[in-house]
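K.L.:
Here you go, one structure.
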Amino acid sequence: MAVPPSTYPRRLLPLFLGLFQAALLLFFALFVTYDEPSAQAEDTSLVASQVYSTFPFFQDIQVMLVVGLGLLLTFLPRYGFSSLTHNFLLLNFSMQWALVLQGLLHHFHHGQIHLDLHKLLISEFAAVTVLISVGAILGRASPCQLLIMATCEIPIYLASEWVIVTCLGVLDVGGTITIHIFSCYFGLGVSKALFRATQQPLHPKESPTLSSDLMSLVGTLILWVFWPSFVAVLCQPGNAQHRAILNTLLAMSASAITTVVASSLLERDGKLSPGHLQNGSLAGGVAIGVLADLAIPPVAALALGSLSAVLCVLGFRFLTPLLGRKLTLHDQCGIHNLHGLPGILGAAASVVAVLVASKDTS
């Protein structure tokens with residue numbers, strides 16, 4: 001019996017994922033292995049120390065991406081379940097895809113790719129770019145379209161990261177430039193390509209409700225708590241990692257307070273906007289990532305957090321409607337305000353920090 005045409009799109013998703021996972025199983029069976037266990041006690045203790053120092057940060061990042069970011073995207077009342085499931089699906093798909101590409105490009109030696117926790121962590125950082133980018137088209141794209149977007153974005157991200165970090169020598173431990181700025185404008189580019197014909201009117205189902213805003217705010221709180229782990233995990237253990245944690249906490253604390261001030265002043269009734277709080281309180285973590293481990297004074301972290309929050313709130317209040325009218329640019333989650341503007345601010349601040357640093361500063 002022939003399958004009705006309407007069921008074909010529904011079968012594309014399991015077919016695509018099934019073929020992908022089958023190909024990945026074959027690839028892992030042929031080329032991926034673990035490092036050989038060392039018989040020397042010194043090497044064994046060194047590996048154990050590296051695992052015990054990295055895995056707590058890795059767990060924090062997992063909570064951020066799976067729970068925090070998933071809940072943050074539930075502000076659309078009719079799209080909450082889909083936001084959580086699509087975020088979870090894209091994280092796993094993009095991580096595995098990035099693991100394959102990074103292994104082939106950087107870790108393929110003598111016909112084998114040796115897998116460890118650090119390589120898995122780098123692959124998750126690549127997956128973060130996809131999770132941020134899809135915020136621009138949240139609720140307006142099918143799961144298959146999101147997977148196609150992830151398939152294209154991961155290799156482009158790896159190429160851009162190689163140019164920025166390896167060729168240009170940019171220090172970006174928190175991914176402000178390589179992750180946040182890149183994913184923001186990649187997502188906006190996809191949104192412009194999909195919805196470039198006319199300005200998309202606001203659908204009634206896109207208006208947040210009290211319960212959906214509450215769930216999204218819970219996601220913000222989870223992200224706020226664990227964000228220092230995301231910034232500090234790739235820093236050198238010791239003073240640099242300690243500075244990264246302290247600077248991130250200071251910047252995010254300042255951004256949270258400044259968001260309340262700016263939002264209350266801009267809203268006509270003087271009330272705090274939930275959308276501003278959900279995003280502005282995280283802006284400091286985006287901006288501080290590129291210079292979190294640098295020897296900057298604490299007041300610089302506070303100032304950067306406050307400025308990033310002001311930029312984020314002003315972007316939601318004025319820039320997003322302007323871009324929608326002038327460029328017909330659709331940005332569902334406001335990723336330009338949370339990731340783009342604070343990211344550019346952080347990149348500019350890092351240049352200033354390096355220029356004004358004394359010659360004896362490490």
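Just so it is clear, glycine is given a Cβ too, placed from its N, Cα and C backbone atoms.
Annotations for this protein, taken from TrEMBL, read as follows:
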- 12-34: transmembrane segment (TRANSMEM)
- 24-354: domain 'Ammonium transporter AmtB-like' (DOMAIN)
- 54-76: transmembrane segment (TRANSMEM)
- 88-108: transmembrane segment (TRANSMEM)
- 120-141: transmembrane segment (TRANSMEM)
- 162-188: transmembrane segment (TRANSMEM)
- 214-234: transmembrane segment (TRANSMEM)
- 246-266: transmembrane segment (TRANSMEM)
- 286-319: transmembrane segment (TRANSMEM)
- 340-358: transmembrane segment (TRANSMEM)
K.L.:
Apart from its near flanks, which chain residues at least 6 from the ends of the transmembrane segment (12-34) lie with a Cβ under 8 angstroms of it?
P.N.:
93, 96-97, 100, 103, 108, 111-116, 143-144, 147
K.L.:
Checking distant contacts: for the transmembrane segment (88-108), what same-chain residues at least six beyond its ends satisfy Cβ-Cβ under 8 A?
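P.N.:
Distant contacts of the transmembrane segment (88-108): 17, 20, 24, 27, 31-32, 65-66, 70, 114-115, 119-120, 122-124, 126-127, 129-131, 134, 143, 146-147, 150-151, 153-155, 158.
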K.L.:
Taking contact to mean 3 or more CB pairs closer than 8 A (sequence separation of 6 or more), are the transmembrane segment (286-319) and the transmembrane segment (162-188) in contact?
P.N.:
yes
K.L.:
Given a Cβ distance threshold of under 8 angstroms, which distant residues of the chain, six or more beyond its ends, lie next to the transmembrane segment (120-141)?
P.N.:
54, 58, 61-62, 65, 69, 73, 76, 79, 82-83, 86-87, 90-91, 94-96, 98-99, 102, 149-150, 153-154, 157-158, 161, 175, 179-180, 182-184, 186-188, 190-191, 194-195, 200, 206, 233-234, 330-335, 339
K.L.:
What parts of the chain pack near the transmembrane segment (162-188), using Cβ distances under 8 Å and only residues at least 6 beyond its ends?
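P.N.:
Same-chain contacts beyond the ends: 125, 128-130, 132-137, 153, 156, 230-232, 234-235, 244, 248, 285-290, 292-294, 329, 331, 335-336, 339-340, 342-344, 346-347, 350.
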K.L.:
Given the model, what does the mean pLDDT over the domain 'Ammonium transporter AmtB-like' (24-354) come out as?
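P.N.:
Residues in the domain 'Ammonium transporter AmtB-like' (24-354) carry a mean pLDDT of 91 in this prediction.
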